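Colleague: What follows is a single structure, and I will ask about it in a moment.
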Amino acid sequence: KRNDIQGLRAVAIFGVLLFHLAPKRFINGFLGVDTFFVLSGYLMSSILSRETTIDRAVVKIFYVRRFKRIVPLYSIMLAVLAVITPLVFLPTDMSHFIADMEWALPFAENMQNVLKKFDYWDEVFSSPVLLHAWSLGVEIQYYLIVPFIMIVARFGQTRRFRMIAFLVFIGVSIAIHLFSSTTVAFGLLFSRVWQFLTGSIFFELEGALDEPTPAQYQTLPLTSIDEEKLLDEEEDGIESGIEDLQIVRTQKPRSGGWRSWSYTPFISLISYCVTFYLVWMVIASISEPKLSRFFVTIATGNLLLLGKYTQNKILSNEIMVYIGDLSYLIYLAHWPVIVLYKYYNDISDLTIPDMSLCLLSTLIISVLLHHSLESLFISSSSFISFLFVAVVYSMIIVALMMGTLQRISELAHPLGEEGTTKIEPAVPSLVTTGWTTIPPTEGTNGTIPTINSPTTVKKVMFRRMEAISWNQAQSKVVYFRNPDGCVRDFEAERWTGFTEEAALRCVSTGTGTAKVLVTGNSYGYRAFPVLHRLFAGRYAQMRMFTRSSRVFLTTDPESTIFADKERIVVEKFQPDITFLIEKDSFKTLMSPLMGNVEDDPITKQVQAAVDILSNNSGTVIVDQQYVKPNFKDGIAYMIQKRLQQGKDEFDDLSISRKEYEAEFVNERARMATIKNENVIVHSVEDQLCPGETCYFFNRDNMHSYYGDNAAHMTSEGLRLLEPKYAEIIEDFLLRLQSRKSEPIIAN
């Protein structure tokens, strides 16, 4: 038995656990899976090297062994999740789980990620229950092709030929890994084959460095060993469990050779150094996954090679070996435990007590299954394993076809018509607060004082089903329907040649004289229907020219193409008033100041961008930033979920006024330096945060102010901004009318 291999499995599962428990802290823990892949490649070569020829019978036996080791326990996990997940998940959240189950049944979860372009790191934070099944899919898919890789590699009948063949396969796989998209590089089998075959390379190196002769070892006769039991006891990569039962060899040390006692201290020192390096890699905060993956792969291969010649006491420790024995079960159990725990308790990040509870639950499940069902399947006949899996899979497939999982969730989470909740303090749904001008323009008095209601405690009756349905709909809104009469803007397309995301651009014709431009990103697009309604046709043309995710005020680190198009539009259109409404998703405006605010490079970028708008527009309205709620899921979704779970605790869906102000102190400082009398900086802070506490929802009807997890405003949130938008518009139209009614004095 190679105890050091079990210890390597312990290191690997340790990294995976850290990553899934605290992904923001241990961002390199995912490398534990890479270690599993190398171990699998090494052990598959070890198993198949025992066969004189790889024929149909050998391949059949190989597949049967892999099936018994992996699939029965995997099917138990799927069956348990098919029962528990609908009891925990709301009906509205079941679709992703059901889709995952359909892909996970044939071990194809990794292919779903590739075909649907799911990003693994995004998925970790959105926490689908069967996300971890992707790596088992890669393993199973490799087991299907590895006998044929070995047949090709054995064609030359020499170790050198096998290693050359492996290196060719590795070269092709690394090329796919390096030059494909992140999603393909992460989840596609052929972009991972190089890691499995790296294990095979080190197995061949081991044989080349220590080629035994008949005089150097004594082998027990195969007739004295139960061959089926021997083969069933072998270990794989992730799916580790029962100890290896191997042919016992008594190796004689060679004088002056690789196994010489004189080299043992040196080999041990290297082994410990590489072990510490591997442990450091899986817990370190290194953000370059492809490079880290390469180093971990090589480090794992070296430890496999060195472990043949010296005992690594760190990896061979009894505790490490036992954890290695449990590693497959830990891998199966830990992620569903974490996801279901986080979902039920409605939390994004686990605290230390939360982590401890999840870890303890995982270990209890793993230990119990290791000493019961896992041992049972290993010792039972192949027929029993196949029959068990067939029954379990049939039940799951029938449940999926009949929609049983969805119905269980609906029965477990019935909707109610009414509910009560405490709100404290009470504030009006609509707050008439001011907007800031820099400097105050004609016809305004600067900031209008905030109007607050008395602090009270009251109980509000609300329609629970209506609140659930409203928030559910708002959490899924991607595009609004553009206002009636606002049609595709062919003129702007001719100016710019820009046609991407056409839903975010339109133009309408009114009965007035003003030319109105609304530009920015998707946050401006969300505000456009409100502005369009408030203008009520009192314009000659009203144009919306926006694009998701892009910014104009500061230099866009990803692309300045759309900012260039915005400049063209404002120069061609020459609007009387321009609204720039964008959220700085890159947080450039909130970044620390570099020296004095006037000399700050970002301040200068803002001034230059504002000047471009002002030089081609009569009045410029620039919306300041508003806080993005710091939650994994959107606020609308969280309210819907809690109401449907019967929870009445919502106080955490808020932020203090001091926290709000602290987040935007640098942005306010930069915006305050704008030197342009035509520019109005529209402060939204007082409107969204009228008291000491800034709530993210209307506590009178439980409607969220923010929709998706990008914190786009819902119609309820936009209603808070509507009074000030109306004030700005009415003031502008009044001043425009006044200017146009002034008599023309001839020279």
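Placement of Cβ uses the backbone N, Cα and C atoms for every residue, glycine included.
Not my notes, these are from TrEMBL:
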DOMAIN    4-202  domain 'Acyltransferase 3'
TRANSMEM  7-23  transmembrane segment
TRANSMEM  29-49  transmembrane segment
TRANSMEM  70-90  transmembrane segment
TRANSMEM  129-152  transmembrane segment
TRANSMEM  164-190  transmembrane segment
DOMAIN    258-370  domain 'Acyltransferase 3'
TRANSMEM  263-284  transmembrane segment
TRANSMEM  319-340  transmembrane segment
TRANSMEM  352-371  transmembrane segment
TRANSMEM  383-405  transmembrane segment
DOMAIN    504-726  domain 'SGNH'
COILED    643-677  coiled coil
Colleague: Based on DSSP, tally up the residues of the domain 'Acyltransferase 3' (258-370) by helix, strand and coil.
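Modeller: The counts are 88 helix, 0 strand, 25 coil.
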Colleague: May I ask which of the stretches 319-340, 352-371, 383-405 has the most CB pairs under 8 A with the transmembrane segment (70-90)?
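Modeller: Comparing 319-340, 352-371, 383-405: 383-405 has the most Cβ pairs near the transmembrane segment (70-90).
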Colleague: How about the transmembrane segment (29-49) and the transmembrane segment (263-284): at least 3 CB pairs under 8 Å, pairs 6 or more apart in sequence, or not?
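Modeller: Yes, the transmembrane segment (29-49) and the transmembrane segment (263-284) are in contact.
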Colleague: Please give the sequence-distant neighbours of the transmembrane segment (7-23): residues at least 6 beyond its ends with Cβ less than 8 Å from one of its Cβ atoms.
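Modeller: The answer is 29-33, 35-36, 39, 121, 124-125, 132, 240, 275, 278-279, 282-283, 300, 303-304, 312, 314-317, 319-321, 323-324, 326-327, 330-331, 334-335, 338, 349-350, 355, 358-359, 362.
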Colleague: Given a Cβ distance threshold of under 8 angstroms, which distant residues of the chain, six or more beyond its ends, lie next to the transmembrane segment (319-340)?
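Modeller: Long-range Cβ neighbours of the transmembrane segment (319-340): 3, 5-14, 16-17, 20-21, 70, 73-74, 77, 81, 84-85, 88, 127-132, 135-136, 236, 238-243, 350, 358-359, 361-363, 365-367, 369-370, 374.
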